[in-house]
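Database features, via Swiss-Prot:
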ACT_SITE  ASP103  active site, proton acceptor
SITE      ARG29  site 'Important for substrate specificity'
SITE      THR104  site 'Important for substrate specificity'
SITE      GLN196  site 'Important for substrate specificity'
Amino acid sequence: MSGNSQLPPDVIGFICSKYDIILASTSPRRYEILHDIMGITDLKTMVSTFEENLDKMNYSTDPIGYVCDTSWHKAQNIIEILTDYEDENPNEIDKPKLIICADTIIIDKSGRIYEKPKTKEVQKKFLMKFCYEDDEPVNVVTAVTLIKWYGRENFELVPFRDETKVYFDNKIPLRILEEYVESGDGLEVGGGFKIQGQGAILIEKIEGDYYNVVGLPLNKTFKGLYAEANSI
């Protein structure tokens with residue numbers, strides 16, 4: 001991703017003058033969206049230690065609830081970390097924080113959740129299903145939980161989500177799909193494809209925010225940050 005098209009620096013400067021902006025994720029794609037595209041050059045990071053082990057069987061009829069709850073639990077874990085830090089450093093005075101927690105899943109028309117394939121064999125099965133078996137798009141859902149943090153006794157959680165429909169090309173030659181799998185690209189992402197990489201070859205079109213498929217809905221995330229900065 002290129003950082004050539006950033007939002008006006010005075011807008012980002014306004015938000016950053018009110019809050020420290022923190023990404024609670026190790027995802028390089030989410031970092032690039034916020035740092036390179038949105039232009040938050042002083043972006044800080046934290047790591048949630050939530051195990052992301054919610055039982056999917058409890059969400060068989062509500063897969064979107066799974067991603068929303070995962071994002072929410074990540075935020076709750078960050079609150080615990082911030083609270084512990086505040087307890088250990090009672091005299092430290094920090095700027096208020098806006099912390100971005102997120103989780104992304106791929107869902108097919110039946111409600112099945114597709115996670116990281118980890119092996120090329122599983123990845124190929126995923127992509128063949130998306131391209132040749134399903135007659136409807138897959139749904140990419142990112143749930144975001146913003147933490148508006150002033151301190152352990154003064155914080156607020158602001159959840160939102162975005163959905164993007166991804167239409168795979170059912171006429172793509174199998175050889176091309178197999179070559180993509182052999183490239184190793186997409187093994188470590190949900191669904192087994194990267195829209196920002198060679199995986200885009202397999203995709204005919206999308207409906208919704210491109211950056212949501214990458215890992216974070218840029219438009220809704222920016223509006224969330226801007227709204228909170230304006231609420232002071």
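In case you wondered, yes, glycine gets a Cβ from its N, Cα and C as well.
Positions of the features from Swiss-Prot, shown on the structure.
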residue: ARG29; record: site 'Important for substrate specificity'; DSSP class: helix
residue: ASP103; record: active site, proton acceptor; DSSP class: strand
residue: GLN196; record: site 'Important for substrate specificity'; DSSP class: coil
Of the recorded positions ARG29, ASP103, THR104, the one whose Cα sits nearest to the Cα of GLN196 (site 'Important for substrate specificity') is ARG29
Fewest Cβ neighbours within 10 Å, where candidates are the recorded sites THR104, GLN196: GLN196
Around the residue listed as 'active site, proton acceptor', which residues of its chain at least 6 apart sit with Cβ under 8 Å of its Cβ? GLU52, VAL67, THR70, SER71, LYS74, THR142, ALA143
Can you tell me the CA-to-CA distance separating THR104 (site 'Important for substrate specificity') and ARG29 (site 'Important for substrate specificity'), as a whole number of Å? 12
What count of other C-beta atoms do you get within 10 angstroms of the C-beta of ARG29 (site 'Important for substrate specificity'), across all chains shown? 17
